[in-house]
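First comes the structure, then the notes that go with it.
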Amino acid sequence: MTLSNCERVVCCLIWIGGVLYSIYNVFLIRKEFTYLEDTYNDFAEGWLPQMPKKDVADFEWETVMKVFRTTAHYFIIHVVVSEYLRSYYIQLVPYWQSLISIIFLLQTVGLFGLLSILLQSVTFNYISLGKRKLVPWMTTGLWMTVVIYLKSAHCAEYLAKYFHFTEVQGYIVMLSLCWSNLRCLSYCLDDVQEKYKFVHFLSYCLYLPTLFIGPFIQFKDFNENFFGHQSTCLRERFWQLVVDLSRCIFWIFITEMSLHYFYINALAYQPEILQRMSNWALYGYGYCMGQFFHLKYVVFYGLSTSIAKFDHMKTPPLPKCIGRIHLYSDMWKYFDAGLYKFLVTYIYLPTLRTSQLYNKIFSSLLSFGFVYIWHGIEYNILIWTVINYIGICLENICNELVKLAPEVLNSSWRRRGLCILCSPLLAASAVSNFYFFAGSDVGNIFTHRIFQSSLMGNAALIFFLYGCCQLSLEVKHCEQNVYAKKKIS
C-alpha cells in the first residue's frame, strides 16, 4: 500500500506541524504557575538560579531516580563480581546474585520489606514442585491481593506506625512484588525439564537489574542466556554497556531539563487550568503526557536492560515512541515487549483453542482482565483497560472484514480508507491512556472536551490524527523493508 512521495510528505508535515504547534501552546501554559501557590509541593528549585522551577510531581519518576542515585554502587558491585565469578566460578553466580539483591533490599526497604518479597519467592518455589497449572495462578491472585492492600491508605498508615515504613519503601516493595509475581509465574508455568535449586530460582526472581522496575524476562531466556555458554568478549560487552548507559543518561538529562519548562505532571493536579486550555493546548498536553511516560520507561528499562545485556541476558527491546504508533495492538506489542510476551505466552495462546474470532475476543478478555488486576483495581485503570480491550476487539473485527471484502479499491485508496477508520480509534486510544497516566479527573476533562467540541473542532483533530496514522504506516513499512533486507543478507 503505497502513496505518492508528495502525499506522504504532506501527511508527515500535517502531523509533525500539529504536534510542534500544540507543544508550543503547552509551553505557554507554564506562565499560569508563576503566581500559583504550590499547595502540593509539586515544584523544586531549578538546576541554575536563572532557570524556572522544576516539576517534581511525578512520584514514580522522582522515587526511582532517587533510588538509582543512592544505590548505584550496588549495581556496580553486582556487575564486577558477577563478571569475575562468571569467568572463574560460574557455579557461584546464582548465590552471589541472590546475596547482592538481598543486601540491596535490606538497605532499601528494611527487614520487613525484604521478608515480604522473600516470602513470595518461597511460596512459589514450594508450589512449583507440583505439576498443577492452576495452583500458580491461584497463588498469583493471592499475592496480587496483597499488593492491592499495600496500596491502600489504611495499610500505609499501619506500616508507618508499627514498622516505620516510609512511602518510598512501600512503593519499592509493591513494585518488586508485582514484577516478581510475573517471574515466579514464568518459572512455575514454563515446561522446565529439571527442577533447579532454590538459589537458581531466587537469583531469577530477585535479579537486581530488573528487580523493581522490570522489564519482564522469561525464565527460559534467563536460564539459556545466563547459565549457557557465551562467546561475546568482555571488551565488546563493556563498550556496549557504556553506549547503552550513555544513551540512558542522555534521556535522563532531556527529561529532567524538559520538566523545567513543561509542567506535565503538576498540571494533572490543576483541573481548573486544564478546563480553561484551548483545544491546541489541551491536546498538546495529552501528547506531552504520553511522551513523558514513554521517556520514563525508556530510561527505566534502558538502565535495567543495559546491565542485563552485559550479563548475557536476552532482553526485550525498549519502548517505541508513541508518536509513531496508531494501532492498539502495536501499542501493546511495542511499548512493553516483556509484558506483552508474558500475556501472549501464558494467557492468550494457552486459551486460544481455535482461530475463530470469538475465541480471540475471549482470550483477549482474559489477558486484559489480568492487566487490570496486575496494575491495580482502580476506576481509572478499569476505564483504560476496557477501552483498550474494545479497541483490540474492533481491530480484530476489522481485520476479519478486510479479508472478506472484495478488492474493489487500489492499494493507495485502501491505505487511505484504513487510516480514516483508524483515526477515531487513535483518539479513543489516546484518551484511554490519559486516564491511565493522570487519573479519572484528567481523563474526564479530555472526554468532555471531545464531546463538547464543535463538529469542525473534532474534524480538525481527526485530520491531524490521520496524518499520524499515515506516518505510522510509513515508518512501519520502512522497518519491515529494513528487516527483510537484513534477513536476506
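Start at 1 and count along the chain as shown; that gives each residue its number.
Positions of Cβ are set from backbone N, Cα and C atoms, glycine also.
According to TrEMBL, the transmembrane segment annotation covers 9-29, 95-122, 134-150, 170-189, 201-219, 249-269, 381-398, 418-438, 450-469.
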With the greatest number of Cβ pairs under 8 Å to the transmembrane segment (450-469), the stretch among 9-29, 170-189, 201-219, 249-269 is 9-29
Same-chain residues at least 6 beyond the ends of the transmembrane segment (134-150) with a Cβ under 8 Å from one of its Cβ atoms are 116, 120, 123-124, 127-128, 156, 170, 173-174, 177-178, 181, 184-185, 188-189, 373-374, 376-377
Other same-chain positions with a Cβ less than 8 Å from the transmembrane segment (249-269) and lying at least 6 residues past its termini are 23, 26-27, 29-30, 33, 40, 42-43, 46-47, 51-58, 61, 65, 285, 288-289, 292, 295-296, 298-299, 302, 437-439, 442
